[in-house]
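Report on the following structure.
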Amino acid sequence: MIDFRNITYSYGTDMSPSLANVTLHVNPGEVVLLTGSSGSGKSTLLRLVNGLIPHYHEGEMSGTVTVAGIEPRDRELYELAKMVGSVFQNPQTQFFCLNTTEELAFSCENFGLPVSEIAHRLDTTVQQLCLEELLNKNPFLLSGGQKQRIACGSAQMMNQEIFVLDEPSSNLDGRSVRLLAEVIAYWKKEGRTVLVAEHRLGYLKDIVDRVVVLNKGSLIEDFAASDFYAMGSSAFIKRGLRDPHTECCVAVTDQIDIADAGFVSVANLQYSYSKKINGLSIPLAKFPIGSITALVGENGAGKSTLLRCLCGLNRKCYGTLEINGELFGLNKPTGRAYMVMQNTGNQLFAESVRAEVESSCSSAEEVTAILDALDLADLAARHPLSLSGGQQQRVAVASAIASNRGLLLLDEPTSGLDYQSMREVASSLKKSSIMGCTVIVVTHDREFITSCCTHYAVLKNGRLSETRVLDEDSASELNAALDAMQSSVTDTACMV
Amino acid sequence: MTSTVLALKQQQRGILFDPRAKFLALIIVASLLLSIGNEGLMGLVRIVLALVPFVLLVLSRNIKSGVAYIFIYLVAYGLSVVSSMFLSGPLLFLALGATGIMRQFLPGVMMGYWFVSTTTVSEFMAACDRIRLTQSIEIPLVVMMRYFPTIAQDYSQISDAAKMKALGLSQGPITAVENRLVPLLASAVRGGEDLSAAALTRGLGAPIHRTNICEIGFHACDMMLLSVCALGAILVFLIGVA
């Protein structure tokens, strides 16, 4: 169905090739997982299939690609769009219409199908992928999993035989990932050919037929799925891959020791979004100084809102933050908390990494020390917005440490990061904790929790549980809590 | 064939105007407001014109914005009257300047807001197709419309970050503006690139006559809207001649 023969490709601006002599054959009806660290060439392979290379991205290419018997470079992009459906990483920038029903119909409209035919296909797709409840909504207001489900729906409206998905789970939490997995499983059942590029491996375990591992542009291994998933943890780590085994459970490993230095505490926190919805209500929460607390909870439990409140960014939030014996009101910027946002690019303002860190600290030596500690010395002169996602996270963490505020808050820092970058963020948090920061991190990434968190707390219906030390006993409870969040099936009732 | 999905699409969004009528009304109201004075009869016409976006926002069930708008407008109007009674010299000049800008531009801006907030991307494309606008103009316009909400979202995140970092005007206004604009532009460029790629893989730009699931067309309400606008234009013209 898809045939790559001796493909070497480099993007216009890059010296090093993104793909080096890759040969891969995909049979009709196969579901193939492409994995490898960031920059390994996964996305480039997908773009060769849907025609974005060479029609949209410029670069140098040798070798031949054949998709269902034709060569993409000889056809126009819109002709390929009829054969290949594409789903991308970021739902925010893949929706063209701001209404889900229009979004589903978009490709059919572009191909000039009569409205009656579009209506028929809409009904079919809605029924197949269980989209009824998502219709006629603003896609931005849906959960991540629902967004990707709409994206999958609109990718299949031209009855494509081939689907390519580029890191579709990056922005999804555990439950949402299941929504996505169901669609891919459905396509497989229907005999479509699917290529998925992913860092996250666990959710595809029972769906994919083959796993192809890429490294720096070369295809290094081609596994049958059963062999791949039978490998031990060390085999994944050796290849720089996320470990699907720890993806399913938190373990206690090399947690740092915390000196008994008191608490950062939050008291009488009250916040409501509107009269209809219950907001946050936290009488008292204590976070040991120097701890790294994983804050977990279901979609919409108010985790991100809580972080904003702790920064004092919600004017309608009442309560106090006590840190180092000082009390701060939460209804205006506290100046004691530093937040690393989900979309880190939107908080890096300076023209170089060094200047960014300097903007929160005046001592040049300290800045140098922090840059060294977080392995940013080599990047000091780069513009922050030219860095990769994981590097941007580290720059923001560096500014946070430099700001010397004591409370560091992170919102899903590892979504979309590969193994290496995830470890880097984890180690930078450990370093910040050693330097005296108290860290609260919203996450559902169990491998990440395993690699750095010392405590955890569960946010449910606006109430925060007690902050507990992560040890053997509590780890199993945390696992159970995370499992329960994943398996609540309100969205998925009709597909399974 | 009857489609359950498309039937569902006809949900209640208040009175639905045709995008073409809306656009025409936007142009007429905005240009009339910019071209007429504040004195005598013209001042009266101006107030009536300023009511148009209020009425339209209420009709499209966006009552909150409508009320907020009319409140701000009336306050600006009141201030301009009061200040011309009690102030003089440079102070009066300043007060009239500030309130004048509000009165001059706010109604036009609100017309624009009403247009963007009540027109879906698909409706807008349908309208562009009907007036036979070429794709090379239509697509950039649509992308722009599609991008407003994203920009708003990015901007609020960026200003959150600035507040959190305690970066206010203390560093000087130019740095403050730069701090907000550079990340905004960077994210718009990146987002725009991804959006175009996604749209191209779904056949946008195919040399085929597009169809559209949105049924647009002129109805009685469009006629009413346009008549009101035309009446305003004629009135302004007559008063101007007299």
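Backbone N, Cα and C define each Cβ position, glycine as well.
Just so it is clear, the model here is predicted, and its values are computed rather than measured.
If you check TrEMBL, you get these features:
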type: TRANSMEM; residues: B:21-37; note: transmembrane segment
type: TRANSMEM; residues: B:43-60; note: transmembrane segment
type: TRANSMEM; residues: B:67-87; note: transmembrane segment
type: TRANSMEM; residues: B:93-116; note: transmembrane segment
type: TRANSMEM; residues: B:223-241; note: transmembrane segment
Would you say the transmembrane segment (B:67-87) and the transmembrane segment (B:21-37) are in contact under the rule of three or more C-beta pairs closer than 8 Å, pairs 6 or more apart in sequence?
no
Recorded stretch that, among B:43-60, B:93-116, B:223-241, has the most CB pairs under 8 Å to the transmembrane segment (B:67-87)
B:93-116
Looking only at residues six or more beyond either end of the transmembrane segment (B:93-116), which have a C-beta under 8 A from one in the stretch?
22-23, 25-26, 29-30, 33-34, 38, 46, 49-50, 52-54, 56-57, 60, 62, 65, 69, 72-73, 76-77, 79-80, 83-84, 87, 145, 148
